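Following: one structure in structure tokens, then a few remarks.
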Amino acid sequence: MKNEAIKKFNRFIFVVIIYSLLIYLNIIARCEHNGLTKHEEKEFDEKTKYKSIIIDAGSTGTRVYIYDYITSNDNKDIKIYIPSINYRTTPGLVYLLNSYFLNNEKEPFYDYFKKIKNFIYENVKKEERSSTVILIRASGGFRLLSISQSEKYVNFVKNYFFENFNDFLLIDQLLIKILSGKEEAILSYVSIYALLERLKPSPIIFINNNEDIKNEGKVTHNDINSVNKNDDDHIIGVLESGGATAQIIIKVPDSKMSEDILNQMNYKHKENNKDDVIEENYKSKNIVKIKLFDKNMYLYCKSYLSLGRQNAMKTYLHYAVHEHYEKNNILNKQNQINKNETTSAANIDQNKFITVPCFPKDFKFLINNLYKTSIDEELEEYDEQNKKELKDDEYVGIGTGDLNLCRKQIQTILNYSKIDNLPFKIKKFIKLYGIENFHHFAIDILNIPETYNPIPLDTNMYLKKAEEICPLTIDEIRKVVHPNANIEKAQTSCFGLTFLYEFMRHVLKIDNSILFYSTNYVKKNNITWTIAALLINIPRHLNLIKKKKQNYDNDEL
């Protein structure tokens, strides 16, 4: 009897152990799949969470992101909670720094960062600050500066943060950096890859508890993946058009993995920086290797510094002014041969008025920013009632809305830009995502409802809309675009649509329309390269971060 009781007890213990193990494995599986309920989210020990701040200093504005994250893989990696909380302000930081140093206008800079500081201090508690890393990453606008000017601005901003944010964890070599176009493209790509949960194990924990939103995201995501169910290569490509630069990045298909691409001896770190996660192949043009979670990923990546939408528009206006004066010089020489007088003040003033085919019919605007490194979003309409005297470097653009001529001029600019050939053809199994201005124009100008998920489009949709919009006046355009689209989008709609279409045609080397996905969101979450910046930069400093947190906790005791 005693032995029987012992046997029963042992069986009971065995069942309890198995049951507990199953519960534990279920919890782990659910966490790994990132489907946390509100109750489960609350159960996480707040002491194991960390915060990090990343500041995206873009060409037309600055956005501040505050992320929560936990450590994983024995403190070798991190998992980031999505979404972050964020704050955006304008104009671009370069614009303010130019005003600060060139025009001695200092107050706007301090007001700008006062708002940023208020946002940060409101959302990061005192006890969290000593272990909260701040990263500032400058993009397109800074890349347009001279080396000496960019170094001056970077050092100024760095010193400002050391003086005004010294209760945060500021790591000198990590605090501020100007991203190259290639780095920005790779970070955007990795962020999309992470949000789509293509990285295994996934480094993302979604904390959005709205089931409808979750389900909508899953449906759209599944629809996208069902384009080619038999393709196990999961090839993703990203086209990005920002304000200053444009990038293309595509995972190299397995069928195109040549010996030169696979040969590890062909890769080197930029500027011999061994901490850099990106290695460039010096034998295969535009091929890079990145290492994430102990796995290598091979990417085709090319950045075009002058071909962000707003910067390309500035290039286009340069082209229009140059072409205008070239024609006028020919006419003046001909008139001189014919002994006609052409140097009157009226004629000189009239030479300041330049027809621009890529802008709405009869739209008159000032061209006054050709030689500045900062990028202004909105064009200043020319006031015919109160005509101002134009400076030497100021002109008046007069839109004609001539789409055919507009296309020819943009094609000329793109041909001069020396667009590189892709090392492989764009196939149907390559899922292309068009982000930033590709998506802004899809929502604002194509007037497609925002779903906060990838929207299937074809490349010809931009051209068809340009055919409709270019011949219209500004007032007529405002009636056919999204009612909430800002005035700048209406002003530049003809140029923007045509440029984005031609850019895709030239970069992808296509003549026929192809499918792609316009989006700035995945599963209702904003696509931002800041996700990848944290995944890549934070893990190597985890020991220091944990030590800072422990020191604060011990001091409080």
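Placed from the backbone N, Cα and C atoms, the Cβ positions cover glycine too.
TrEMBL annotations:
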- 12-29: transmembrane segment (TRANSMEM)
- Glu184: active site, proton acceptor (ACT_SITE)
- Gly243, Ala244, Thr245, Ala246, Gln247: ATP binding site (BINDING)
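Counting in whole angstrom, Ala244 (ATP binding site) lies 12 from the residue listed as 'active site, proton acceptor' by their C-alpha atoms. The Cβ of Glu184 (active site, proton acceptor) lies under 8 Å from the Cβ of Ser139, Gly140, Glu240, Gly242, Thr245, Gln247, Ser303, Trp529, each of these being in the same chain and 6 or more residues away along the sequence. Shown in sequence order, Ser59, Ser139, Gly140, Gly181, Glu184, Glu240, Ser241, Gly242, Ser303, Tyr304, Leu305, Leu307, Gly308, Arg309, Asn311 are the same-chain residues outside Gly243, Ala244, Thr245, Ala246, Gln247 whose Cβ sits within 8 Å of the Cβ centre of the ATP site. Secondary structure at Glu184 (active site, proton acceptor), taken from DSSP and collapsed to helix, strand or coil, is helix. The secondary structure of Gln247 (ATP binding site), as reduced to three states from DSSP, is extended strand. Ala244 (ATP binding site): 28 other CB atoms within 10 A of its CB, across all protein chains.
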